[in-house]
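What TrEMBL annotates here:
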- 5-121: domain 'MTTase N-terminal' (DOMAIN)
- 14, 50, 84: [4Fe-4S] cluster 1 binding site (BINDING)
- 141-371: domain 'Radical SAM core' (DOMAIN)
- 155, 159, 162: [4Fe-4S] cluster 2 binding site (BINDING)
- 374-436: domain 'TRAM' (DOMAIN)
Ligand code: SAH
Ligand code: SF4
Ligand code: F3S
């Protein structure tokens, strides 16, 4: 019998790509491939790509350049490109980089095993009528007690800077019964926490009993699954935080007090130019309503600085918004013009100005993050252990508020929920001792 074939996957971009990579690994697993971390051992290399900013896209081409000697030495090595660059650039990738055997888009990857079996260059960037999830094998590749679960894909919002509506297509929600089935399956394999994923997850409207369900209703139903201790969701648009979802933050104990709610800018003028369809006051109102039902909720956001037309006054509004909200954590990016998006037509902000703004914003965000972590010292929190720590007698996991916590606990088990007391705060994590 010959050895199993080996698959090496590199994932770029967002959590949805992480989830998709797991599912592609499972699909190829059913075709006899096992995963390897050593690219030189691989029979197939799959790059699951991101198109969101120019740098993210360009990484693909530098990585492909690095694969060339491997492919020259072993022409039977299969090289596949999946994800959002595959969707955006399609067959163009093979023209630019003929070493690529397979190009497969995010909606077509259930066909990857067939594409890998075929000979000659293969491109599949369709949005097929069938649901890819119905054609994928059961979940196998779990990474401990936490799991991602895609419930919604695509986006109809068309923010002026963003490629997602083009690379992922229009909004589609998975049916409730499939999500419940996948969740029960995950829980039976030791998962205690699921993060529901979608490019616009709170716009979820999947088919369920009696019609389309909202995300709030789905979360209430998931909270009934025995053994599932924690639920999170990302990423949300401020306009889709409906009453029931906000109420769920107050009355579903499994729903964790942490919400990623990207605002992008604190300036109404720029929000309008970005086609965000909400004002800064709309955003404050959503935050206030969630804090009213769950006062300890921590928020995080994404910001873009240097959007075309952004002035110093606009940027000052962003800093002001950050100060008013007080984030647990946030991600900020320098605007990157993306081909085919409306904003790409507009004259850019001077690079040095955008760089300076990014530094200033990141310094403020970091200050808030550090102060928030410092404030946890002395408090009791619950941690879900994800793995053993690097030091002997130490476990590592996340708190309800998504802080990474290192706990002194010689007898802790992966998958356990432990009560701990925070004793110190470091750059990106907390240290704690177990109390029960
Ligand atoms: N709703 C999505 C957002 C994906 S993009 C989700 O599920 O995560 C993630 C973040 O990238 C956005 O919130 C935005 O802040 C940033 N981003 C998107 N397009 C960008 C661009 N053209 N330049 C810089 N940053 C961008
Ligand atoms: Fe992109 Fe805006 Fe959709 Fe988020 S809501 S994926 S930023 S278009
Ligand atoms: Fe990137 Fe596509 Fe995700 S562009 S952020 S991989 S949806």
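Glycine residues also receive a Cβ, built from the backbone N, Cα and C atoms like all the rest.
This view paints the features noted in TrEMBL onto the structure.
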| residue | record | DSSP (3 states) |
| --- | --- | --- |
| 14 | [4Fe-4S] cluster 1 binding site | coil |
| 50 | [4Fe-4S] cluster 1 binding site | coil |
| 84 | [4Fe-4S] cluster 1 binding site | helix |
| 155 | [4Fe-4S] cluster 2 binding site | coil |
| 162 | [4Fe-4S] cluster 2 binding site | coil |
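What surrounds the [4Fe-4S] cluster 2 site, by Cβ distance within 8 Å of the Cβ centroid and not counting 155, 159, 162, is the set 157, 158, 161, 163, 164, 165, 199 from the same chain. Along the domain 'Radical SAM core' (141-371), the predicted structure has mean pLDDT 97. When each of the binding-site residues 14, 162 is scored by how many other Cβ atoms sit within 10 Å of its Cβ, 14 comes out lowest. With respect to their backbone Cα atoms, residue 155 ([4Fe-4S] cluster 2 binding site) and residue 50 ([4Fe-4S] cluster 1 binding site) stand 15 Å from each other. Taking a Cβ distance under 6 Å to any atom of ligand 1 as the criterion, the binding-site residues 50, 84, 159 reduce to none. Cα spacing between residue 162 ([4Fe-4S] cluster 2 binding site) and residue 84 ([4Fe-4S] cluster 1 binding site): 12 Å, rounded to the nearest whole number. For the domain 'MTTase N-terminal' (5-121), the DSSP counts in helix, strand and coil order read 59 helix, 24 strand, 34 coil.
Taking every protein chain shown into account, 50, 84, 155, 159 are the binding-site residues, and of these the Cβ with the most other Cβ atoms within 10 Å belongs to 84. Residue counts of the domain 'TRAM' (374-436) by helix, strand and coil are 1 helix, 34 strand, 28 coil (DSSP-based). Only 162, of the binding-site residues 14, 84, 162, place a Cβ under 6 Å from an atom of ligand 2. Listed binding-site residues: 155, 159, 162. Those with a CB atom under 6 Å from ligand 3: none. Across the structure, residue 159 ([4Fe-4S] cluster 2 binding site) and residue 14 ([4Fe-4S] cluster 1 binding site) are spaced 17 Å apart at their Cα atoms.
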